[in-house]
Amino acid sequence: MTPEQLPIEHYEDQLAEKVTRLTTMMSAFNAPEVEVFRSAVSHYRMRAEFRIWHEGDDLYHIIFDQQTRERIRVDSFPAASELINRLMPRLIEKIRDQRLLRFKLFQVDYLSTVSGQIVVSMLYHRKLDEEWQQAAAALRDSLRAEGFDLHLIGRATKTKICLDQDYVDERLTVDGREMVYRQVENSFTQPNAAVNVKMLEWALDSTRHSAGDLLELYCGNGNFSLALARNFNRVLATEIAKPSVASAQYNIAVNQIDNVQIIRMAAEEFTQAMNGERSFRRLEGIDLTRYQCETIFVDPPRSGLDDETVKMVQAYPRILYISCNPQTLCENLTALSTTHDVTRLALFDQFPYTHHMECGVLLTRRH
């Protein structure tokens, strides 16, 4: 596979290999048959990051080969959205002869949406001044004149200049309902929008007719919490990153959802609060005992759940676990399967043509 050519003819083979691998990994837990959710074969990534290589008067996007660290020129990137692919050559064309914009530019990050918005972050090894800002504003305006719904950001050491805003608003139709999700550059968002919708709809289907409330750890910008809110009386969600919490609060308001409460704290801290080991000022005014959480939702980082959180999670009748690393999922399941059964298993092909697998399990406590 090269950055400019995807092995589309091998998509089915690579997906089948993942299904086999996940089935084998999960066999120890008596898991049901894998529900498989495919990706589009191209233009599936909504974000992309490139280094910028300067060669005389020319400059262009590059990536590095993960094995050899060889530099690879990238003029088109079919894994990324069509919007990113349209913008890449136009951006390079416009900054090639603009010394203020190209001088010590070393990276460009793109974050696009299905709704047609895009934010571009330009990273520099130099101080950004008023002159840069004026040149960047002219660049933004000329790209907007070409029809791009675009926002530009300049970054340098300890500097971030937003010409307008540092976010885009994504619009996704989830099980017949349009959801708006504010996504801030440089914070976590699901990269494959179409597969993200499939994940949300699977989570909705897995929690239909739920009793009580939902607790979610690692909620990010509210991606899952807001979609799942319709299945529960109330949702209590935790997140540690400030920009994600701010986005989640905005998303609650813009989607007119009134039964979701976001708390800014780490999952480990929340475990301590739930166990009565520590009190936190951030929890003032929130009576945790009022929540009747029958279901807990976790979408942890690649490292999985720590031992204390695993113990806390085990107290809930139903556990919905989304994992970006089946290896640590299986490590967690070694403990969780002593009290719970795996009743659903899903593979979401977020990252086609790579070894990465995103999967989901629903665990139900044994009686």
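Glycine residues also receive a Cβ, built from the backbone N, Cα and C atoms like all the rest.
Swiss-Prot annotates TYR218, ASN223, GLU239, ASP299 as S-adenosyl-L-methionine-binding residues; of GLN190, GLN261, GLN272, GLN327, the candidate listed for that same site is GLN190. For the binding-site residues GLN190, ASN223, the ranking by surrounding Cβ atoms (within 10 Å, all protein chains) places ASN223 first. Around CYS324 (active site, nucleophile), the same-chain residues six or more apart in sequence whose CB sits under 8 Å from its CB are PRO301, ARG302, GLN350, HIS356, GLU358, listed in sequence order. Annotated S-adenosyl-L-methionine site GLN190, TYR218, ASN223, GLU239, ASP299; additional same-chain residues within 8 Å of its Cβ mean position, judged by their own Cβ, are PHE188, GLU216, CYS219, GLY220, ASN221, GLY222, PHE224, SER244, ILE322. Around the Cβ of GLU239 (S-adenosyl-L-methionine binding site), 26 further Cβ atoms fall within 10 Å across all displayed protein chains.
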